[in-house]
Structure formats: C-alpha cells, structure tokens
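Student: Take this structure, written in structure tokens, and hold onto it; I'll ask about it next.
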Amino acid sequence: MRDVVAGYGGHPILHGVSFSVRAGETLVVVGPNGSGKSTLMKTAVGLLRPISGQVLFGEANVTTLGAPARAARGLANVPQEANIFRNMTVLENLQVGYEFVASHSAPSFGKRLDAVLDLFPEIRAKLRSTAGYLSGGQRQMVAMAAALMPEPSVLALDEPSAGLSPRNAEILFEVIGRVAASGVTLLIVEQNTRLGLGAADHGVVLVGGRIRLAAPAAEVLADPDIRRLYLGGA
Amino acid sequence: MGQLLVNGIVAGLLLALPALALSLTFSVLRFANYAVGSYLSCGAYLVYIGNVVLGMPLWLAASAGAALFAVIAVGIDWLAYRPLRDRGGVTLLVASMGVAIALENVIRFFAGNLPRAYNVPVARPMRFGDIRLNHEQLTILVAVFAALAVVWIIFRFTRLGRMMRAVADNPDLAAVRGISRSRVVAYVWLIAGMLTTLSGVLVGLDANVEPQMGWTYLLPVFTAAILGGIANPMAAVAGALTLGLAEELATLVMPVHYRMIVTFLVMVALLLVRPWGLFGTRWVTK
Amino acid sequence: MTVYLIATLTLVAIAALAGLALNLQWGMGGLVNFGLFGFYMLGAYIAGLLTVQGLPPLVALGVAMLGVAALSALSALISVRLSEDYLAIVTLGFAECLRLVISYEGWLTRGMLGVSGIERPLQAWWPRGWGDTGFLLLALLAVLIVYTVLQALARSPFGRLVRATRDDPGVVEALGKSVLGVRVRVFAIGGAILGLAGSLHAFYYSYIDPTQFGPIITAYAFMAVVVGGRGSNRGVVASAFTLIFLLEGSRFLIDLVPGLGASELAAIRLFLVGVGLVALLIFKPDGFGREPRSALADKTSSRF
Ligand SMILES: Nc1ncnc2c1ncn2[C@@H]1O[C@H](COP(=O)(O)OP(=O)(O)OP(=O)(O)O)[C@@H](O)[C@H]1O
Ligand SMILES: [Mg+2]
C-alpha cells in the first residue's frame, strides 16, 4: 500500500498510509479503537476505493479493481463484523467461499472441504446448520474456513479474536499459525496486541489514521510506548 | 366454503409471482420497486401482441414475452436505477414511481384504455363435487406452481441461487468472496421480468388485459411481500397465499369491491404488530 | 386565450400548494407520501360535501384542513417507526382505500355520481363575469400565505429539527427529542396544506367525482419538488409555475396537433412526467432551487 488516503463520503480517515507485506510473511496491524484499522482493511481488499494513493498486489496495481476481482487474484478476507452469510447453512457458506474464486486448476471442492474441516474439526458436525444460529466462536471459524476454501495466497483478517474466549482465541491463532506455515501471506488487524504480534513477523501501529511505528513484531512488542499504551503497562 | 378456499388460493397464487419478484429485487437492491405493477401490465401487453396481433399460441407468446420483457427489465435498470444505486432506497423508490408512470403511459399511448382479452379457446369449467374450477384457474395453478418450483430450485441448489442469496444476505462479504454485484443485479432483473410477465398473463387470463391491471395489484403485491418479511423471497409466496385467502374469506362479511380495504387492514395490522413479517425473522428486515 | 390562462394558472396554483405540502413532508422531512392524492381528495370531499350542506365555504375549508391533518397524522403514526419505504406504501394504501370508500359509499359521498353545485368562497365579492379571476387571486393568495408560513417554519428551530430528523434520526433521538413526534407533526401540517389544495380544487370545479383524483396528482407534486430542489419552497413554487404550467398548458395543444386524440396527448404528457422525474433524479439531484437552510448556514458560519 502506498500513500493511501481513504475514508467515507470524502472525509478521510486514513491520512497517507504506506506499508507492505512480503510474500509468505505475516503482518499484524494494531492500534486503538477507531484508528482506522478496519478502514485500512477495506481499502486493502477493495471494498473502499482510496481517495488517493495506490494499492499494489505483487507487481500489479490493483487500486481500481473491485473486491471480486481482487478475490479472484487470490486475496481472501474475513471482515470484522458480519463475516458470514447468516441465512445460509455452514456448508453453503463454504461453497460460496470456494466457487466464485477458485480457478479451474484448483483442487476440487471436496478436497478443499476436507482440508479446511481438518483445520476446524468443530464445524464438521454443523455443516447443515444455519450459520446465523451458531455461537460467536463457531461463526468466526466458519468465516475463516470459508475464506480459506479457495486456497488464497493472501489472507486478510480483521480482528479474528474479537468476541472469542481467551481459549478460543488461542485455538484460532494456532490455526492461523498453521496457515502461515503453509506459505500463505497474512495481513491481520488485531486488538489483542500480545497474541497478534506473537504470531507475526512484522507489526504496524496505526494511530489516528497514521502509521506510528512499523518494525519487526518483536521490536514492536518491546517498544516501551506501545507496552504502556496497549499492553496495560505490563 | 370449499369454493371460497379454491378461489382464495387462486387469488393468492396470482399475487405470488409478482410478490416474489418484488421481494427478490428488494433483497438484492434494497429498494422497493413501485413499478412492479407496471411491469406486470407491460408483460401482459407484450404477450397480447404475440398472442392476438401475431397469432401465436398463448404459451409461445408468453415465453417470448417473458424473455423479451426480462431484457427490458434489465434495460430499465441500466437506464433508470443503476445511476441512482448509491443514492438510497427513497430516491430509488421515487424513481420507480417515475418508471411506473412512464411505462403505464406507453401502454395507454399504443393500446388505449379499452380492456382486451387473450385469444384462448373457451372451455366449460370442471366440477369436483360442488367445487367449480375453470380452465383459467387451472392454468394459473399449474403455471404458478411450476414457476415457483423452478425459482425454488434455482435458489436452493444452484450457483446462481447462492450468488443471489449471498448478495441479499451480506453484499460486502459477497464482494470479497468474488461475487460481482452487477452481475447478480442483472440476473435478478431477468428473473423478476419473467415472473412479472408470467403473472401479467395469468392476471389477464383471469380478468382482462388493461392498463390499470398492474395498478390494482400493486397494493396487494406489496402487502404480500411485507407479510413475508419483504427481503425474504420465498416467504413472500406464503404471504401471497395468506393474503389471497384472507381477501376471499373477507367477502363473507364485506362487499367484494372492498377487497383492497381488507388488504390495507392486513398490512396495517401487520406493520403495527410484526413489521418484520409473518414469516420473516427479525434480522432479515434490518 | 385569457380564459385558458386563468384556468391554467388556477390549476397551477393548486398544484403548487400540493407541491409545497410534499416539499415539507418529503423535501424537508424525508417522509415519502405516495398517497398524496388521497389526502388531497379527502380535502376536496370534506369541503365539497360540507359546502353543499349549506356550511359557508370558508368554514368548510377550515374543517377540511383540520380533518386531513388529523388523518395524515394517523397514517404517519402507523408507519413512522419503520423505514420510509413502508410509509410510502401505507399512504398509498390509505389513498386507494379512501378512493374506494368515496366511490361506493354513495349515501355519504354520492359515489360515482359526484358532488355538484359546490359554491366558491367569497363569490359575492367579485363583479359579474370576474368570478374566475377572483378565484385565481384567492388561490394565489393561498399560495403566498402557505409559502410564507413554510418559509418561516423552515427557518425556525422546528424546521432545523425536521431536517435533522431527515438527515440523522439517531442523533435527534440521542438529543432526547421524539422523532415520532416530529414526523407526525410534519405529516399533519403537510396534510392541512393538502386539505387546502383539495378544497380549492372542489371550489374551482364546483363539481367533484372520484375519477378526478388519481396518482397523477401525486406525480405532479413529486415533479414540482424534484425540479424545485428538495427542501426549497421557492424552487417548488417556481417549478410549479413554469413546469406544471407547461404541462397543464399542453392540454390546449389538442387543437394544434392533428391526428392525436386527447388520451394520446395525455399519455405523452404523463410519459414525459415519468421520464422527466427519473432523469432529474439522475442528472439534477438537487433540482434548481436551494434549501433555505443554506442561507442560514452561511450566516451562522460568518459569525465566527
Ligand atoms: N461506513 C462508515 N461511514 C462513515 N464513517 C465510518 C464508517 N466506518 C467507519 N467509520 C469511521 O471511521 C473511523 C475509523 O473506523 P475503523 O472501523 O476503521 O476503526 P477501527 O480501527 O477498525 O476500530 P475498531 O478497533 O473499533 O474496530 C471511525 O471514526 C468511524 O467512525
Ligand atoms: Mg475495526
């Protein structure tokens, strides 16, 4: 992302944000509520057209491409809220995750389903349930699973641990770790700074729509200001 | 009594297809297409041209008319609604009133105000005990059930159906899952155009083909869709049947020409008590 | 020619009143009233029926305004908790039902036969042969009064509250004001103006029947508001006196265009209204007028 200014109704929320994620690495964006993290995510996945600046995907400039076109290039996203289709069954959620993106050379739906259900064994028994009736933790898993269905090369997660119990959050990050290990590039926005940065290669701190600090994750975690601000002084 | 039920079901079935079309477009586009009644009239007149002017059998004229009007519906969307897509439901609603007036007057200009009838063989009504079923009613029954079955199958079991339901459910998420909204919108108008044309033919069979026909169906169609919880297409069908029966049963206590008042009372009662629809769930209407 | 002109101007003045009413409800308040013609019709019938019963026309007019205001408030109450789409369809349903009742309850309304012999107010004031001109002056006076009242209302704190409810009901609610109350009052005031417009219609024609009232009245009002610019009273009056003047005037083209009957000409006119409405929404969304608020906003900002 290069010099991105973005916002709603002509009113900028991000004021010139630049960062990049190297292929196969994990970048975590942290920052206080309302600092523009979700806005940054929406701009990255193509739901929001930036007022100025560029969004690059590999070598290609995708600034003017919409979300469907970016999805077809291998960018998958789990938004912060409303991240499942509530009136559809879990299976249909996974199907929709797969069928509009997966290329012809991709593994078959059945293969991908098995692979993804191995990551989230809990939802295997729920395939026929309406997704809207699942618990918060299960919904988060369905959302992740659906995003992973087409074997994306980049996965963008907005607050994957929001609303989860500490135990579930840990399970989820374990899975995220495995996804990262399989070579997927990850862009994660996370409130849970410690957990998020713990899983990341690099960290970015976003405050008031500007990047305050960008460094390897361990450095960000160790930064005294950040510790004081976001880690409760620990 | 049995006769009343039959009549009520037929009345409900006549409402079912346009109500389905209305709620389908609402679910994807988030605006109530006030022109749905004019779509019905236009479709009926196109089929009239095929059937009476060009002399095709009705089924052929209906198929050709449905295909043609489906394309017209997409065209109207391109010209009138698409440029207004980001301006909110109310603006689109007012625009659809403009579309409705324009379409209705195209009809009046070319066809005049006189009622017309399709060219179909006249046949004696059938009797089952003391229940009478005429051929038009039978046609309505079969045609509507067939159309509903097709739409239901598309909805439940096909890629296209999942596409439409996904956009209706959560447009942003559908976009990041690779679904192009404009394609879905085009499909939705195609389907809505066909459904309204078919219902126009059936209404024309049941009564007459006249410029007013869509207008008289407007309020009941909206009420049926609201009964189903406006954004829930299949429930709109249930809403239509309920309303058809209610209207027919009300003739026991009210003069027939006050059907519309029954419809209105049903709508008002519903809006006061269960605004998210008889069959809808709360989250659907949000 | 002058006869045509006076007739057209009178109709335009009445349409301007309907436009002003809608401009308050929809333009300022964001409340879509698709059943506008029903309220207008109700006003016409109350005024007409009471006048032929022997009530002085001006008293009948007052009752019509109050009656329509009350029913408007009621219909707003049904649906104001819901989104605007519902209000649109409820008002439409209300209007349709009203038309049915008026058509069929002949003992009360004389049904399809219509009400005839409706006397105009203040007829005795004008010299013989000047009755139509006098009535036109009266209608223009009504437009002026309503315009002045609405302008004052738009600039008042209540006007600001109305616009705030339109733009962001949540904020108004958070400030502890009742959105419901605002909307009901807006609908009632608009209803009173529609009652006035309908009464003038009844007085002008001196004969009313259900076929005179239909969704076209609603369409004209929307046209006036869209052309004039939502929220701009001046724009609405201006657009009524230009656009609706042209549309109404085109009725008289009949003698000039050979080969077209009255109904074809009417169809063309209404087709243009429909297309024009959509085209304006697309290409000129703010109309040609300006909401009085902007003048006010300029003043407040220059103070600092
Ligand atoms: N759709 C929208 N329209 C207008 N403003 C919005 C919209 N979404 C967010 N905002 C505003 O943008 C700013 C940043 O919001 P954003 O959601 O990006 O923050 P965030 O960092 O993700 O916060 P959180 O930690 O709560 O998720 C906020 O001030 C918010 O009010
Ligand atoms: Mg956020």
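Just so you know, glycine gets a Cβ as well, placed from its N, Cα and C.
Keep in mind the model is a prediction, meaning the values are calculated, not measured.
Sequence annotations record features per position, and here TrEMBL assigns transmembrane segment to C:6-24, C:31-52, C:58-79, C:86-104, C:135-154, C:186-207, C:213-229, C:236-254, C:266-283.
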Student: Go through the chain and flag residues at least 6 beyond the ends of the transmembrane segment (C:236-254) whose CB is under 8 A from any CB in it; none is fine as an answer.
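Tutor: Non-local partners: 4, 8-9, 11-13, 15-16, 19-20, 23, 27, 143, 147, 220, 223-225, 227-229, 260, 262, 265-266, 269, 272-273, 287-289.
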Student: Where else in the chain does the transmembrane segment (C:266-283) make close Cβ contacts, counting only residues six or more beyond its ends and a cut-off under 8 Å?
Tutor: 216, 219-220, 222-223, 226-227, 247, 250-251, 260
Student: Between the stretches C:6-24, C:58-79, C:86-104, C:186-207, C:213-229, which one has more Cβ pairs under 8 Å with the transmembrane segment (C:135-154) than any other?
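Tutor: Against the transmembrane segment (C:135-154), the leading stretch is C:6-24.
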Student: Is it true that the transmembrane segment (C:213-229) and the transmembrane segment (C:6-24) have 3 or more Cβ pairs under 8 Å, skipping pairs fewer than 6 apart in sequence?
Tutor: yes
Student: Report, as numbers and ranges, which residues of the same chain sit near the transmembrane segment (C:86-104): CB under 8 Å and 6 or more residues beyond its ends.
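Tutor: Same-chain contacts beyond the ends: 31-39, 41-42, 45, 71, 75-76, 78-80, 111-112, 210, 213.
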